[in-house]
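Engineer: Below is the structure I would like to discuss, written out as structure tokens.
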């Protein structure tokens, strides 16, 4: 037996016990004739003591230990004279009587502690060392607990966990697929699933009623802090349900996770907001409601006063930052540069301060009387000490999105985006279609199987762009953690949907014939939702990137720098797969 206890569970009550521990050397330090060694495992750290006067040979052996050596020690638990309140084992130490070096180690390329000197690339290259850090390991422990609680909740609600295939057919709609060549079928390819969407619908046709799966999904798309080429979904589907049934079920799951994992209890139902209102009031379909700064439209007030930027604009809108009138000219110039960055794309920024006497001082004073500025102030409900920031443009939707970026930046600067505060809402009534000007055709905003709102079905023939989807997203703190819809279960309605999306009958049959055929054998009304487990965990952990809650993530170029993947295939493998690599310069 390598150990009788772990490095994190000894306490004062264990004083006098003889125990054996095993783990990694965190650090060593010498003080006079004493050597102190911190031994670490997944469970914690324990201080070891070696005494030169008691056993000189053993102490000399301890002096030769390096960082990250793997050791086994046996000794007696004793109360520490100098206690460490920062660790659970800080009241005790182990007086070592026996030391075995199980493995030596090279000097690590970075310090394996809470605060490390390793950059992102270095830590990803040596991810197996980075995972020894307690702060990283805790994220994966949190992930385990959340996945466990998801399974427990859904099991109690009658869901069955069913695995679906990883090798499926490619579907050109949506993000790019990762493709896998088939050796046994030369010239043909599998695709890795972007989601088990059609397969879980088939399970509903099969009569499984309630399905879930914690499943890997794959999308070959450009990466951001909240995206990875492979990610994990909590994928769910239910039969004989309407939208309200799905929302209640998965709001219940979110509340369960918050209560059990974070100790946060939501007694009220989550807020609901239409997509139209979210875009109009916050410029985003995933608004962060931890703070205010709701958009105020100023077309009626600010147009027609000789300021050509506003007079020629299709949209004028602004936000009110409470207490920010103290912003200096330098800070305001920095905000102007922020909105003019290519990532935001605004042409400029107009600001107005509400002075202590209630008067308004703006950057466009020469065009506006105090009477007009007071009317603007009242539209915001602004008070003395507040700062009003205004953007305008010739495209209302685009300008709202720019204003959204400014709002989030102000939220950051004013410390209003507290990671320990959670505001949850459902965004509902999404458009069913998005119009693409370049292609001159509609695309599904979610996917082709999303059911239209029953009230809007007649509009499919007359005004498809006005049709609302029976779809919903769960948004927490400005992060879309989950989304889903009620699905089409009628083959005739599905045919109409494909036609509106530009599918020929042959193409629809080729790509989705298996699903259309299944519908002919009695498909129940059904709907579902998928949570992004990575995003959910990063939200609970207060992380800025989902990479930190994935054991072996890819970098922003989609590479695994530890495995050096993707890599070049051996020519013999290419021959076996009947493939030729011809990279276009």
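Including glycine, each Cβ sits where the backbone N, Cα and C put it.
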Engineer: Have a look through 156, 161, 163, 480 and flag the one Swiss-Prot assigns to the ATP site that 219, 220, 221, 228, 532, 533, 534, 535 belong to.
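Structural biologist: Same ATP site in Swiss-Prot: 480.
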Engineer: Between the candidate ranges 197-200, 201-204, 205-208, 209-212, where does Swiss-Prot place the region 'Aspartate' annotation?
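Structural biologist: It is 197-200 that Swiss-Prot annotates as region 'Aspartate'.
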Engineer: For residue 446 (L-aspartate binding site), which residues of its chain lie six or more apart in sequence with Cβ-Cβ distance below 8 Å?
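Structural biologist: 430, 469, 471, 483, 485 - these are the non-local Cβ neighbours of residue 446 (L-aspartate binding site), listed in sequence order.
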Engineer: For the binding-site residues 221, 480, which one has the sparsest Cβ surroundings, going by other Cβ atoms within 10 Å?
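Structural biologist: Per-residue Cβ counts within 10 Å for the binding-site residues 221, 480 bottom out at 221.
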Engineer: Whole-number answer please: how many Å between the C-alpha atoms of residue 535 (ATP binding site) and residue 219 (L-aspartate binding site)?
Structural biologist: 15
Engineer: Among 219, 220, 221, 228, 480, 532, 533, 534, 535, listed as contacts of ATP, what is the widest Cα spread in Å, to the nearest whole number?
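Structural biologist: Value for the max Cα separation, rounded to a whole number: 20 Å.
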Engineer: Based on DSSP, name the secondary structure state of residue 480 (ATP binding site): helix, strand or coil.
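Structural biologist: DSSP call for residue 480 (ATP binding site): strand.
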Engineer: Restricting to the chain of residue 219 (L-aspartate binding site) and a gap of 6 or more, list residues whose Cβ falls under 8 Å of its Cβ, or answer none.
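Structural biologist: 175, 176, 177, 178, 194, 227, 229, 231 - these are the non-local Cβ neighbours of residue 219 (L-aspartate binding site), listed in sequence order.
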Engineer: Do any residues at least six apart in sequence from residue 487 (L-aspartate binding site), in the same chain, have a Cβ closer than 8 Å to its Cβ, and if so which, in order?
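Structural biologist: Non-local contacts for residue 487 (L-aspartate binding site): 201, 449, 450, 451, 526, 527, 528.
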Engineer: Restricting attention to the region 'Aspartate' (197-200), give the mean pLDDT.
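Structural biologist: That stretch averages a pLDDT of 96.
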